[in-house]
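Straight from TrEMBL, the features:
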type	residues	note
TRANSMEM	42-66	transmembrane segment
TRANSMEM	78-102	transmembrane segment
TRANSMEM	108-131	transmembrane segment
TRANSMEM	143-162	transmembrane segment
TRANSMEM	182-202	transmembrane segment
TRANSMEM	233-255	transmembrane segment
TRANSMEM	261-280	transmembrane segment
TRANSMEM	287-306	transmembrane segment
TRANSMEM	312-335	transmembrane segment
Amino acid sequence: MNTMLLRRSSALTLPTKHSLMLPFTERRRPSVRMSPWLKNEYLIYGILLVLLVTYVILNHSLLSVFQIQSLITSSAPYFLVGLGESIVIIAGGIDLSIGYMVSLTCVVVATTAATVGVPLALLVGAAAGLINGLLITHFRLSALVTTLATGSFFFGIALHILPTPGGSVAPWISTIAENNLGPIPLVAFVLGLILVLTWIVYYRTPTGRYLFAVGDNLEGARQSGIDEKRIRVGSYVAAGLLAALAGIFLAGQTSSGDPNIGTPFTLNAIVIAVLGGTSLAGGVGSIGGVVAASFVLTVISDIIFLTNASSYLQYIVSGGILVLVLGLSQGVRIVRSISRHSEGRQVRQG
């Protein structure tokens, strides 16, 4: 999956307004190399494998076609919110409102006419993301505080529209969210299209390069002529659209709207992004890692169900995973810092 990961480059060059190429400051690489398995983007695949084996043991049988279909369908909302959060974090931001955008768009789909529900939900998601982006970039507000506040605002609107679960969803939405085409879930085709489009944007367009550059070195990107505000606002709009898709899928899966359905997804989105290899410092992200992390949370949920444990245990597990991954990342940074100091002393002594 190394091709799926865009790392910070020691010689990254970006086009300026005058089509010049200005290199970012070169970084000295540490002399001690970290084992690949200590890096999140590799660790996630090992975790997923262990969880799948555990699931098979508890289920007393190998995964059936139906179970694989169920895993893909159940992981769809996780993947969508995780990818949206990852895009924002790559650009150097954070979005604590993404779960409430899921709730709001889920309610919108369930309370509007079948012909306008999906377009309106997508418009609402994009508008919510645009509000976040403009407040953060143009008014220079804290992303953490701003999205926490707007999340409360979106949640309030959702509750006002639909105080309790209810409403109805167009049959074609439920068909896409739940049914299969042969052995392949219909939702898999939608997710596959999103994966391909994201990969193209990340690795084949200037917008993708600018996204990573802004998160890696905001000031350097600005000096290189990149419209960093446009990139950052765009990342929040993308997150809003993906949250809206998650809300639409959840409405289709439950055949109703629920103002509380998105509440767990804010934490889960951050867990998926970080567990999937996205650095909270910005500038680093993995598409494949987000996919794997989405399956990890889905399998954990299924394991909790198989063991008859309380469904609330998943909150504890999600929080624990986030703390563990952050601790691991901090440990890696400490080792690298020690390595740099050691290398510096060797150079001075030489």
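Yeah, the Cβs are placed from backbone N, Cα and C, and that goes for glycine too.
Since we're looking at a predicted model, the values are computed, not measured.
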Stretch of maximal Cβ-Cβ contact with the transmembrane segment (78-102) [cut-off: under 8 Å; candidates 42-66, 143-162, 182-202, 261-280, 287-306]: 261-280
Contact call for the transmembrane segment (182-202) and the transmembrane segment (287-306): at least 3 Cβ pairs under 8 Å, seq gap 6+: yes
Considering the transmembrane segment (287-306), which listed stretch of 42-66, 108-131, 143-162 counts the most C-beta pairs under 8 Å: 42-66
